[in-house]
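Engineer: Dumping the structure here so I can ask a few things about it.
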Amino acid sequence: MKRFEIAVGIIRNQNAEIFLAQRSAGSHMANMWEFPGGKIEQGETPEQALERELMEEVGITPTGFSLFEKQEHQFPDRHVSLWFFLVEQWDGEPWGKEGQPSRWVAQQALEPEQFPPANAPVIAKLQQTA
Ligand SMILES: Nc1nc2c([nH]c(=O)n2[C@@H]2O[C@H](COP(=O)(O)OP(=O)(O)OP(=O)(O)O)[C@@H](O)[C@H]2O)c(=O)[nH]1
Ligand SMILES: [Mg+2]
């Protein structure tokens, strides 16, 4: 069984909107919406992986963020440990740097069924703490 540690950024602006990206057609959980992020590499802390992935995927440098939730999820073919960081300050303006569709969505309008199943608990928590 493959195991992955993943760092993702819940990028939230002052209007309580969250920046989402769409997963590419050939990827795991293809075409679902996601919080940008990716695999923590060997020797990296989760925070360092977050900074690297957000620059690679959406072109921002997070400057103010904290761990919001850690979630374990068992998929049929893999186990993932997800570190969800709430990112409220950054340098730059996020965009779909790898060509992926992206959009800002009001936090209260996030629909868990549009995300990988591992995201449901963290979306519920976000909407409760608004
Ligand atoms: N980025 C991201 N991945 C998520 C989320 N929820 C979730 O279950 N995942 C899963 O966590 C893993 C993230 O890996 P990734 O494909 O983004 O990894 P990566 O950016 O390093 O890509 P690469 O492997 O192509 O280099 C995938 O298995 C994905 O399905 C989420 O909200 N954001
Ligand atoms: Mg990724």
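For all residues, glycine too, the Cβ spot is worked out from N, Cα and C.
Features from TrEMBL:
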| type | residues | note |
| --- | --- | --- |
| BINDING | R23, H28, E34, F35, P36, G37, N119 | 8-oxo-dGTP binding site |
| BINDING | G37, E57 | Mg(2+) binding site |
| DOMAIN | 1-129 | domain 'Nudix hydrolase' |
Engineer: Please report the Cα separation of G37 (8-oxo-dGTP binding site) and E57 (Mg(2+) binding site) in Å, rounded to an integer.
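Structural biologist: That separation, Cα to Cα, works out to 7 Å.
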Engineer: Just to be sure I understand the contacts, which binding-site residues have a Cβ under 6 angstroms from any atom of ligand 1? Candidates are R23, G37, N119.
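Structural biologist: Near ligand 1, sequence order: G37, N119.
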Engineer: In Å, rounded, how far does the Cα of E57 (Mg(2+) binding site) sit from the Cα of H28 (8-oxo-dGTP binding site)?
Structural biologist: 16
Engineer: Relative to the Cβ position of E57 (Mg(2+) binding site), how many further Cβ atoms are located within 10 Å?
Structural biologist: 22
Engineer: Neighbours of the 8-oxo-dGTP site R23, H28, E34, F35, P36, G37, N119: Cβ within 8 Å of the Cβ centroid, same chain, sequence order.
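Structural biologist: Sorted by sequence, the hits are V8, A21, M29, M32, W33, F115, P116.
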